[in-house]
Every structure is written in C-alpha cells, then in structure tokens.
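Chemist: Shown below is the structure under consideration.
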Amino acid sequence: MKFFPCFGFLLLFFYNVSCSVYSEVADENLPFSYQPSGWKRVFEKMLEKKRSLPFPFFSNKNDLSEFALCAICDVAMSVILTERGFDMTKVQIEAQLQYFCSSFLGIEDDRVCEGIIDVNADAVLYIMDNTKDTVGSTQICSQLLDCDVGSKYFEWTIGDLKGKTVDKVESTGEKTFKIAHITDIHYDPNYTEGKVLKCGEPLCCQPDQPDATADQTACGRWSSFKDADSPLRLLNAAIDGINEQDYDYVYFTGDLVAHTVWKTSQEYNKKTITEAMDLFAKKFKKPVIPILGNHETHPVNLYAPLNITDDSINQKWLFETVFDKWSKWLDEEAKETIKQGGFYSILLKKGLRVIVLNNNAAHKENWWNLYDSEDPYGQLKWLVQTLEKAENNKEIVHILSHIPSSSCMKVWSREYNKIIERFSNTIAAQFNGHTHKDHFSIYYDSKSVANNMVINGASVMPDKANPNFKIYTVDSTGYDIMDAEVYSFDLEKANNDKIETIKWEKLYSFANEFGVSKLVPSELDALIKRMADGIKKKDYTLIDLYHKFYYRNSKSSQAKCDETCQKKYICEILTTVHGETSMCDNLWT
Ligand SMILES: *[C@@H]1O[C@H](CO)[C@@H](O)[C@H](O)[C@H]1NC(C)=O
Ligand SMILES: *[C@@H]1O[C@H](CO)[C@@H](O)[C@H](O)[C@H]1NC(C)=O
Ligand SMILES: [Zn+2]
Ligand SMILES: [Zn+2]
C-alpha cells in the first residue's frame, strides 16, 4: 500500500498528456466535445490492472460508469490528500510516478513519462501544497471528471449586469470586407518526413523516432493524418494560401506550439512563438490579431494567477514574449493589458472593436483553477467594462478566444453566457480555435432565443482532417459574418504525389451550402432546426454535409456518422455552458 498515495499525483500529471492530440480510445466519429476525456483513459488503464489494485467495486470493464469513475477518483484523491503529510521529496515522488506511468500502467513509454512528470512537477506540487486547507477530493474530481458538476465548488459570480442590450445594427451586405481566420498551427520545427506515423508517442514524425519500414506508413512531406503537427513548409503554405486571397485582416486564434508536451520549456515555446510571429510579420500583407492558445504556455494548459511570483511556474515570460512580438499590430490601449494576463482590446477600424480573451486560464484543464478559479486575471470584469465602453461608443464587437466556452470551467462559462446575453446586439460574432474541427455554436438567452454565435477556425495541423483556413465576408455596417469560405487541400494526395506547391481549393461556402443569407444567430438557429428535423425524418442531407466539412472532406468524413454521432453534432452546436445540455435534450424529447 506504500505506493497508493501516488495515484492522486499520477492522475494530475497524466491528464495533460493524455488529453492532448493522442487518444487511443477516441472514437473517430465523435465530435470534439464528446471525445472521451484523457481521464477515462487513465482510469481504464487502472481498471485493466484492477486485480492488483485495492478497488473492490468492479467485476468487469463494463462497470465503467460515471458513478464508478467518480468513486475511484474520490477514493484515490482522499487517500492522497490525507497522506500528503508524508515527507516525500520531489525526487521520490517522481521516481514512483515514473514506475506507475511506464512500467505499471503503461500509459506512455519511459521517456514520455519521464518528460511529462518532469515538466509538470513544480507547478502541480505547488498547487497541491498550497491548497491543503481548501481543496478536497470532491473538488478535484469535480474538475477532473465532472463528478458532482454544478456543485458548490468553484462558485463565484461577476454580479448583476445593469441595462439591456442596444438595438441590433442590421447587416445589409451592401458593403463588405474580408477577414482571414487561421488557427491551431502547432508548428513543429523538428517535424521529420519519413518517420513512422504510428509511433506510439503523443506526437510522431520526430527526429529521434524510428524510420518507417517499407510496410509502415511514413510521415508525409506536408504533415500527416494523425499525431503529426505542422512542418515549417505547411505553415508557409498556409500563409501563402491566404496571401493569394483578398483579405483585410487576419484573425489568429492560438496554438502555435507543437504537441511535444513532454518536452516543452519556456525557452522552446518562446523560440517557436518568436519564429512564427516573425514569419507572420514578414509575410502577411495585412494586420494580424493574435491570441494565446493552451499550448503556448509551459507546461501545456497551465496559466497561473498573477500573484504567483515564482517565474519558473508563472507565465511572465510568455506575456512578455507576446507583448514584444504582437506589438507591431497593436496600439497603446491594447498593450496596456497584455502583461496582466494575455488579453486585450483594439479598435480594428471605425465602428469595429476586437476583444481578445485568454480564456485558456478558465479551461477545465488548467489546474490553477483548483488554487483559485475566480474570474482568472479579472478578465470577465474587464470584458464587461470594455463592452460597456463599446456600447456607449456605438461600436460593434468581435470576440476572439481560443477555447469554446463549453470546455471552460462551468462557472466561468455560465458567467460568460450571462455577459453575452446582456451585450448580445453589440457582439456580432465570436471566433474560437482549439478543437481542430470545423463547427459553430449558437448562444441562447434565458428564454431560449438565439442571441449570439461563435465560429471555429478548425486547424492548419491535420488532426484527422485536411488542413484549412477560412475567409469571412464581413458586413461593413453591422459586422455580421455574411459568409465563411473554407480553403483546404487533399493532404494524402499532396503527400503521395510529392506536390511541391500546395494549391488551396475552396472546399465550400457556408452560406451557399447551408442556405443561409448570413451567419447570424436567428438564421443559424433555423438551420439547426432544419438539421434536427432532417435527422428525425431520416433525411440526412444537411447533417451529412456538416459531417463532411467537420473533417474537411478527409478520410474521416467518409466514416459513417450514425444517429448518436449526428445528435452529438447538434448538441455540440447547442452547448455553450459546460455540462448544460438542456437546449439539445429538449430537441429530442
Ligand atoms: C528536436 O530535435 C533535436 C535533435 O534530435 C533534439 O535534440 C531536440 O530535443 C528536439 N526538440 C524537441 C522540442 O523536440
Ligand atoms: C493569490 O490570490 C488568491 C485569491 O485572492 C489567494 O487565495 C492566494 O492566497 C494568493 N496567493 C498569494 C501567493 O498571494
Ligand atoms: Zn490546437
Ligand atoms: Zn488548443
């Protein structure tokens, strides 16, 4: 039983890596929001070992219910919390974790386990040691597995919002301009063609991994289908592809750093960010509005509160790097807040304000929320003030944030939705990244009326789809998105044919294919009802189209999307508060 206390640590450490791009148990056919969490994978590994574990409740693997998982979590966490007083040094703990990770549970291989433990150790131990008196097993399991979701844990509010939203400024489409959207590049400077694609580590195509033999699939010239990031030539091709289009601004919604999450460092991430932002500055012909992703920080996902003054575990280095690298596109007002947490606002043109959030801090996978979850960096408070100012100045707003609000802490996403409702007519559109999939979501007010929308940029790195960027036609009066065009190319064909220059093709126009005149909440709401009605009547035209574009017509698009998968697509569109699924539940009852 001596090793048992380590489970708690083990879980905290492994979540980060197992939740990243690598997911053996992931069903190819489930929308992003429904991929099993990395946690389930860890617990499944534990259950496979159940005979050697002191968990009596399970007789077979089918018992893996939510309840069972929460029970395991609670027991493991309670023990670790009770026994934390043990005088275990960091070195002892690391050694035991290493044993559990590689030898005992076989979650990753030796070097990945060692790396992931090493990069996470200081921050996770700090959080553990400094939440002794306040954080219990129930809270931890609530954040990890949504056990007891909606409970009193992490409860706070930004308070009541005064006033009502202004009248909507209609978009007529008479005068428009273009915005290019590029996201989730995951630039991998070490990407190596010819390595074995199924490498068994969280990221493949690395120089120190084996070469592919004749009967194995090799990493291609332009990146590869799964567990491969973007080589420099793909990043260059994406910028060149956008430059061939007409555009006035570029929105970049985060994730520059590769998925080598077991060997990131402040230095390495800083280098990647610097290199990529210098390339943007050199090549893009128009201003860029950049934001932070959950991969920009080190270790991945962890954004510490500002009062954590230890520079080895806080993000001072990151905020300073982006302050420097983004400054050529920003004005004094925008620069004021970047070092306070990586967020800012900028008047893009007369009448249009862009608000950039660093909502990675509110991401469910940011363990600092166990330490202090209340309105990270004071961003929501600042958001309200900034929206009030915009409203008074008769400006329309676009909000850019990396993580879909439904993947943030429940309390944060609830308060965020409250703000969206209050300012719904000031905010014309929101833009996300992170999921690597082409989708959108609709925000609803307390009376279930659609009041806002968010569109996802999908990704440049493939992640089971074809690389893409988007070009939006935006109305010059109401700043609604009139159309979203998606540009992509056939990755497998480009690799097989050893193409020298990528020719980006227009995959589709959202307005044409889905029959809307503009991407506004009311029209998207009507579209989703048509889609859902189609499913009920077994007319799958619209949902099949959605499935095809979700993966940019790659081989994942050919995999069948059955009724469960179809309904989950609809629910993903209708969910903007974490765990709050009543909008979609009502649709099927
Ligand atoms: C990149 O490759 C070099 C050479 O193999 C290696 O030493 C280095 O650790 C790699 N860096 C990362 C972050 O993968
Ligand atoms: C940081 O702020 C939080 C919330 O106010 C507080 O609980 C915590 O003790 C502070 N930490 C430090 C190191 O000052
Ligand atoms: Zn990403
Ligand atoms: Zn991300």
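From the backbone N, Cα and C atoms, a Cβ is placed for every residue, glycine too.
A quick note: this is a predicted structure, and the numbers were derived from the prediction, not measured.
Not my notes, these are from TrEMBL:
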SIGNAL    1-19  signal peptide
DOMAIN    66-151  domain 'Saposin B-type'
DISULFID  Cys70-Cys147  disulfide bond
DISULFID  Cys73-Cys141  disulfide bond
DISULFID  Cys101-Cys113  disulfide bond
BINDING   Asp184, His186, Asp255, His436  Zn(2+) 1 binding site
DISULFID  Cys199-Cys204  disulfide bond
BINDING   Asp255, Asn294, His402, His434  Zn(2+) 2 binding site
DISULFID  Cys561-Cys565  disulfide bond
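Tell me what's around each of these sites.
Modeler: Taken residue by residue with DSSP, Cys147 (disulfide bond) is part of neither helix nor strand, so it is coil.
There are 26 other Cβ atoms within 10 Å of the Cβ belonging to Cys141 (disulfide bond).
In the three-state DSSP scheme, Cys101 (disulfide bond) falls into the helix class.
Taking all protein chains in view, 29 other C-beta atoms sit within 10 angstroms of the C-beta of His186 (Zn(2+) 1 binding site).
Non-local neighbourhood of Cys199 (disulfide bond): Cys205, Gln206, Gln209, Pro210, Asp227, each in the same chain, at least six residues away, with C-beta under 8 Å from its C-beta. Secondary structure from DSSP puts Cys199 (disulfide bond) in coil.
Long-range Cβ proximity for Asp255 (Zn(2+) 1 binding site), meaning a same-chain Cβ under 8 A and a gap of 6 or more residues, is found for Thr183, Asp184, Ile185, His186, Gly293, Asn294, His295, Glu296, His402, Gly433, His434, Ser459.
According to DSSP, Cys561 (disulfide bond) sits in a coil region rather than a helix or strand. Neighbour count (other Cβ atoms within 10 Å of the Cβ, all protein chains): 23 for Cys561 (disulfide bond).
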Chemist: Near the Cβ of Cys565 (disulfide bond), how many other Cβ atoms are there if near means within 10 Å?
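Modeler: There are 19 of them.
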Chemist: Which secondary structure state does DSSP assign to Cys113 (disulfide bond), in the simple three-class scheme?
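Modeler: Reduced to three states, the DSSP call for Cys113 (disulfide bond) is helix.
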Chemist: Cβ within 8 angstroms of the Cβ centroid of Asp255, Asn294, His402, His434: which residues besides those meet this for the Zn(2+) 2 site?
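Modeler: Leaving out the recorded residues gives Asp184, Thr253, Gly254, Leu292, Gly293, His295, Asn360, Ile403, Gly433.
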Chemist: Near ligand 4, which of the recorded positions Cys70, Cys73, Cys113, His186, Asp255, Cys561 are found, taking a Cβ distance under 6 A to any of its atoms?
Modeler: Asp255
Chemist: Between C-alpha atoms, which of these disulfide-bonded residues comes nearest to His436 (Zn(2+) 1 binding site): Cys73, Cys113, Cys141, Cys147, Cys561?
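Modeler: Its closest listed neighbour, by Cα, is Cys561.
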Chemist: Does DSSP give Cys141 (disulfide bond) helix, strand or coil?
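Modeler: Once the DSSP labels are grouped into three classes, Cys141 (disulfide bond) ends up as helix.
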Chemist: Among the disulfide-bonded residues Cys70, Cys101, Cys147, Cys561, Cys565, report those whose Cα falls within 10 Å of that of Cys141 (disulfide bond); none is a fine answer.
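Modeler: Candidates kept after distance check: Cys70, Cys147.
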Chemist: Those recorded positions, Cys73, Asp255, Asn294, Cys565: which ones have a Cβ sitting under 6 Å from ligand 3?
Modeler: Asp255
